[in-house]
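**Student:** I am attaching a structure below and will ask some questions about it afterwards.
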Amino acid sequence: MMRLNRPRWSSLVWRITLLCVVVLFHNSVVHGNDEIASESQPAEDAELYVTPKVDPKRMYFAEHFDDLYEDNDVEKRWVKSQAKKDDASDEVAKYDGEWAVEQPQRPILANDYGLVLKSKAKHAAIASHLLLNRPFVFDDKPLVVQYEVNLQEGQECGGSYIKLLSVGDGTKDLKQFHDKTPYTIMFGPDKCGNDIKLHFIFRHVNPINGSITEKHCNKQKDRLDDPFKDKRPHLYQLIIRPDNTYTIRVDHKTVNEGSLLTNFTPAVNPPAEIDDPEDRKPENWDDREKIPDPEATKPDDWNEEEPAQIADPKATKPSGWLDDVEEMVPDSAAVKPADWDNDMDGEWEPPLIPNPLCEKAVGCGLWKAPMVANPNYKGKWRPPLIANVNYQGKWAPRKIPNPDFFEDLTPFRMTPIAAVGFEIWSMSNDILFDNIVICDDEAVADEWAAQTFDLKVKTLDRQAQTLWDRAMRYINYKPAYWGAYFVYCSIPLIAYVWFLWSRRDSQETFVSRVLKYCNSNPWMWAVLVVVVGLPVAIMIYFMCFAKTNAKAEVGRRKKTDDYPAPEDEQDDGEADDEVRSTKTTLNAAAVPASGGSRSASSAGEAYPEDDDDVEHEGDEADEDDEEEAQEEPQPAVASEEDASSSDAPVDSKNAEGGEGLKKRKARKD
């Protein structure tokens, strides 16, 4: 047999293998006629993010954390608790959980930061007052609460809910914030083991005696498993309306809705009547619906002694059965242990083993017929049941008026809210909170989500279109799984190489030996295809042909109409820095609601506390926008086109403008 050229063949194999690996993990995926690069699209979406602007006139609370990263000063607007739990030992009573402002472990948008709980298995609490210290009063407008949670390490046991703290003495000093601090609403996800909850609890004040009772919302129909294991940001939104209805949404999808009057446990209003605690069941009360027939007698042929099973009378002993041979015999090879003491352990006997003679025979030992059901078996006789002529029905105590009865038809009017806080305990660390909004207009919350959460989802969906990111998504971003996968793939290869090496010939190369053996045994080609090709085919299938998010399949037009911030806005931001409040102002950047062209304000722009100044500056900006809109109508049209092609969900109210919403026109350079 002609000897193969080993160097040329080995070099070709390695080149082909390397080329396949490069193409597999670094080429982009083609959808229709559009090709999505693995780096261009995420970078493009990241550049579109601009810190949303906080308007105290439209929001009671808004926090994006972006401007707190530079100095890592979370206590600039938030207060860490220094309290202790009353019902715990000193080792675990302290609220010593660590908080920090960081980017996500897997960065999504440039310059986007959040509040991260760094520690686990510790009590952690942090809170912040509402903007301008203006409480939210439940009057004639709805309450909208919205925030993001990213369980970056998953969640096995712990909560990530938010508390809306009540107005009163308990919220004056947030350093004493603890689990007993009065709150009005608690909302958010919680999990421990297999018990998954999405809390919505509100504290109801009894209008008669002033006592407070927690009312728990009924559980949603569908389980929410993904937010606790997919390590992606999720948006939680609660809306409570003056007509006592509520809606809970997760990632813009309604998961629970109902009424404060009917969907909570215990109910808001107690029953009008209750059982009389003094009423007792009479001794002669007969509540037996049926009784044994007193006139029935047992039949004469009823034999209660008959067994349920008897030996089969038709069975016969098989021929060749060894009656005189024991089933178990002493082990002749057993040896008495050296430390055996007859006085302490008794007389030693070898252990019993199955008799070797029984293995070749039909059976041995005492033969017994198999058991069958006894046709004469009837069991214990009992008289039949008949209707009870003295039956008086099921007894129940009489009803009396409830002395604690009240009727509250407006449970929406809860205790006013003064602050926002996180008071949690978790067995997972690196829980990230971001983009907290409290307002009275759904359109305002949807506008904020469009500038933050929707942009993150859009970026993640586009990243998932590449083979590498899709593969990482399926292994949940744990590279150790790749090691296990390649070990699995390498075991049959190593075994096969060892098998061929054991049959090596000094005159042949390794490749020639493989070809020689496979040619002499054609079935080995099928084994190679199945053992080696199957794992690779499975991996390629999951990365290339798995279902993808439908939102990422459309609207991949590259945005080119981004405009720099106008000079007058930058000047306004510098002037506002001089009057910025240290507690209630936030650095932000203005982003139009259309999602198309965006005007970025300076990082130091803040909110003035003087309402007159805010209105005056807003009027001047509107006049400038109107003049430029008349002169330059084309950028506005481009903005609308981009908004229609955006993948992010757009609320109809937000698209029409909403109450009090302002859109800035795009400006020329």
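Glycine residues also receive a Cβ, built from the backbone N, Cα and C atoms like all the rest.
Small disclaimer: the values here were computed from a predicted structure and weren't measured.
Dumping what TrEMBL says about this protein:
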type     : residues      : note
COMPBIAS : 278-301       : compositional bias 'Basic and acidic residues'
COMPBIAS : 564-577       : compositional bias 'Acidic residues'
COMPBIAS : 588-606       : compositional bias 'Low complexity'
COMPBIAS : 607-631       : compositional bias 'Acidic residues'
DISULFID : Cys157-Cys192 : disulfide bond
REGION   : 261-321       : region 'Disordered'
REGION   : 555-669       : region 'Disordered'
TRANSMEM : 480-501       : transmembrane segment
TRANSMEM : 522-543       : transmembrane segment
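Distances, neighbours, how buried they are, the whole picture for these features please.
**Tutor:** Only residues 6 or more beyond the boundaries of the compositional bias 'Basic and acidic residues' (278-301), in the same chain, are considered here, and those with a CB under 8 A from a CB of the stretch are 381-388, 390-395, 397-398.
Its Cβ taken as reference, Cys192 (disulfide bond) is surrounded by 14 other Cβ atoms within 10 Å in the chains shown.
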**Student:** So, by DSSP, how many helix, strand and coil residues make up the region 'Disordered' (261-321)?
**Tutor:** 0 helix, 11 strand, 50 coil
**Student:** In sequence order, what residues of the same chain, 6+ apart, have a Cβ less than 8 Å from the Cβ of Cys157 (disulfide bond)?
**Tutor:** Lys191, Cys192, Gly193, Ser426, Met427, Ser428
